[in-house]
């Protein structure tokens with residue numbers, strides 16, 4: 001099987017194109033496939049806060065594979081064994097949470113690369129990513145098709161942002177607004193003016209360094225603002241929030257005193 005590995009999400013990032021995404025937290029392949037038919041450029045399959053197992057992530061990757069929407073996997077943390085598993089099931093783009101230092105960034109880069117460039121364990125014959133050993137020269141191709149994104153979501157990470165941006169192998173940096181605002185002393189208040197100022201300057205620093213800048217904004221005006229600041233991969237909703245708000249809104253049509261949509265914050 002002489003297949004050439006490609007990653008359309010990474011290719012568009014490298015061109016500086018804007019890509020609009022959706023957060024998937026419902027943990028089901030059925031819901032993931034519905035989202036994939038909607039036309040979002042990318043879909044974040046969340047393994048950090050949503051209760052996804054490695055099998056759940058695998059099934060959702062299978063569900064979205066026939067469609068143009070590109071999957072991005074966020075594991076619960078960036079350990080070498082977990083990164084290996086997620087890559088083996090076929091993830092090509094990873095979003096790794098809580099990367100605070102350049103050393104951590106270098107460690108996760110190493111975990112995604114096969115020797116001699118890194119420490120990823122070899123198991124192509126049992127990996128969906130290599131079509132169970134049927135993709136010729138998989139190990140030689142895969143480094144170029146992998147896309148590695150890291151989350152900056154603490155004051156420590158902000159202090160180290162320039163050093164993180166200098167790490168070779170990091171393709172983009174995602175600003176985590178909820179955790180970042182809490183770390184800065186404004187819990188549950190990503191809309192605070194000081195937090196907004198820091199988000200804007202961080203996005204501009206990321207883009208000036210030649211990296212992609214990402215953000216999650218469930219409020220449309222915040223999403224538009226981040227796009228104006230230069231963010232080029234922006235998630236504009238969370239499936240569970242959209243679902244619960246749609247349910248509440250429909251019920252409010254028929255029962256008095258019921259609340260309408262609640263989408264206001266960042267996550």
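Positions of Cβ are set from backbone N, Cα and C atoms, glycine also.
Look at Swiss-Prot and you will find 49 tagged as active site, proton acceptor. The DSSP secondary structure for residue 49 (active site, proton acceptor) is coil.
If you look up Swiss-Prot, you'll see 74 marked as site 'Transition state stabilizer', on the strength of sequence analysis. In sequence order, 44, 45, 46, 47, 48, 94, 95, 96, 97 are the residues of the chain that are 6 or more apart from residue 74 (site 'Transition state stabilizer') and have a CB within less than 8 Å of its CB.
Residue 88 (site 'Increases basicity of active site His') carries a helical DSSP state (H, G or I). The Cβ of residue 88 (site 'Increases basicity of active site His') has 19 other Cβ atoms within 10 Å, all protein chains considered. Per Swiss-Prot, site 'Increases basicity of active site His' is recorded for 88, and the stated evidence type is sequence analysis.
Residue 178 (substrate binding site) carries a helical DSSP state (H, G or I). Per Swiss-Prot, substrate binding site is recorded for 151, 178, 179, and the stated evidence type is sequence analysis.
Residues or ranges marked as Mg(2+) binding site in Swiss-Prot (evidence: sequence analysis): 153, 179.
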Three-state secondary structure of residue 151 (substrate binding site) from DSSP?
strand
At a 10 Å cut-off from the C-beta of residue 153 (Mg(2+) binding site), count the other C-beta atoms across all protein chains.
22
Would you mind ranking the recorded positions 49, 151, 178, 179 by how many other Cβ atoms sit within 10 Å of each Cβ and giving me the lowest?
49
Integer Cα-Cα distance in angstrom, residue 49 (active site, proton acceptor) to residue 178 (substrate binding site):
12
